[in-house]
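Chemist: Before we start, here is the structure in question, set down as structure tokens.
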Amino acid sequence: MTDANKILVSRIKQGDYQSFNRLFFQYYRSLCSYVSSIIDDSSAAEDIVQNLFVKFWTDRKKITIHKNIESYLFKAAKHGAFNYLRSETNRKNAMEKMSLMDFSDEEYSTQEEFLQKLEECINQLPERSKEVFLLHRYEGLKQKEIAGKLNISVKTIKNQVWKSLKYLKSCMDIKSVS
């Protein structure tokens with residue numbers, strides 16, 4: 001590690017926010033590009049890199065950098081991207097299973113009863129989750145469109161849709177088709 005980087009890391013460890021800011025602005029864009037090239041989602045890439053820097057700042061006193069700061073940051077970004085891909089794969093699998101729900105439960109004798117119960121369950125969702133769910137499922141907006149409309153990240157939209165589906169499945173007491 002160069003002397004300049006050693007000094008920079010040392011200052012950050014001591015809580016020098018200006019040094020941290022310098023590090024952030026020096027690497028933020030290139031880290032976002034790198035992560036985006038792995039996961040093919042620029043919005044999620046920004047979230048991953050921001051989380052990386054938040055963790056770097058909060059854990060700054062414990063961090064040990066062996067070679068150089070750049071390789072440390074890119075390695076951390078790569079791990080963040082791979083963790084994201086793993087969680088996305090799991091989330092997509094869960095959503096696919098939840099979309100294959102068996103709606104012929106004996107509990108609902110008519111479609112009207114089913115729709116009434118569904119409406120009750122949707123109304124029990126937190127306001128923001130309900131808004132996101134309705135925009136996605138009933139108005140047919142894509143997650144990226146909803147994110148732009150509500151000024152929140154696509155990752156947040158994905159999480160809210162997934163949690164809403166999970167809650168509705170539980171509320172409706174619907175069993176998945178195997």
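These residue numbers are counts, starting from 1, taken along the chain as shown.
Any Cβ shown, glycine's included, is placed from N, Cα and C.
Note: TrEMBL annotation is automatic and uncurated.
Grabbed the feature section from TrEMBL, which reads as follows:
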DOMAIN    25-89  domain 'RNA polymerase sigma-70 region 2'
DOMAIN    116-161  domain 'RNA polymerase sigma factor 70 region 4 type 2'
Chemist: In the domain 'RNA polymerase sigma-70 region 2' (25-89), how many residues does DSSP call helix, how many strand, and how many coil?
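Modeler: The breakdown for the domain 'RNA polymerase sigma-70 region 2' (25-89) reads 53 helix, 0 strand, 12 coil.
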Chemist: For the domain 'RNA polymerase sigma factor 70 region 4 type 2' (116-161), what's the model's average pLDDT?
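Modeler: So the average pLDDT across the domain 'RNA polymerase sigma factor 70 region 4 type 2' (116-161) works out to 88.
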